[in-house]
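Presented below is the structure to which this report refers.
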């Protein structure tokens, strides 16, 4: 039975930097908190685990190497006990979980968003299709079968995009065409315009993301938009500063950027600069009726006979096998299946109460 009215939570908090176990524990704590508050959905920021590597915007190659190694060591594999513990928390709290992680698959990292159902099943696994600027030094590109933004759920057609994907007109068009009703615009951590240094464009700062890009998404798509944002402390700034470089001493410009917008683009909620925790929203999907009546770019307000979007959702792999089918064609497979995300949770294992030491047995799964 579809649920049109429900409570949701948006995370605006500091990650546990480069600490996989600490990140999992904090994630489960927030899921528990949202569950106790009666939420049907909780939305986490981009690469919440193990935090956004903001240092990559500030260091040279040699300075980056020890930081990159630590970051890779604390990224999460999809078929790991850590991920199953998060899935179990979603199941135990009967809540949808949209979470951004640094995923390690073989030897490559991806900016990944996972959508977990109240049954603990992974119902969407998507990878950012193109890391932004210096992010290309850390992460790889998503593939055809891992960029679908929208999933049909009992709480509506729920979409997810990472960071600057939220201003990509083609990805927005795809989400609109899928009939998106509620959107998670997951953001990392970066400063506001008070830290702007010429000639760096204003595009590269947090307040345009929060107060221009995110409400524009709501207006253009007619959806509820939840925009979780990471926070950072002075101690966190030190962690993102290489040895021999003077760290910043004021974290204020980096904080207070999470937002919630209604389907007409009006602001529902924003946090105080010093707020760390969960922001709550009472979603009513029926609010989008009038915005969609005015402008439905997947329906009455579009001309597909004139403008169309070509989408290729096939997996492209380095090694491609031919044969095996009735027509001897090229074999294909699902990334989700290869990663084990199509397997249900085992009832006897990976409960929230699993001893932390037990998590070691699968924590290296998929790591280089």
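Every residue gets a Cβ built from N, Cα and C, even glycine.
Here is what Swiss-Prot records for this protein:
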ACT_SITE  46  active site, proton acceptor
ACT_SITE  128  active site
ACT_SITE  163  active site, nucleophile
DOMAIN    6-285  domain 'CN hydrolase'
REGION    341-368  region 'Disordered'
Other C-beta atoms that fall within 10 angstroms of the C-beta of the residue listed as 'active site, nucleophile':
24
Under a three-state reading of DSSP, tell me whether residue 128 (active site) is helix, strand or coil.
coil
Three-state secondary structure, residue 163 (active site, nucleophile) (per DSSP)
helix
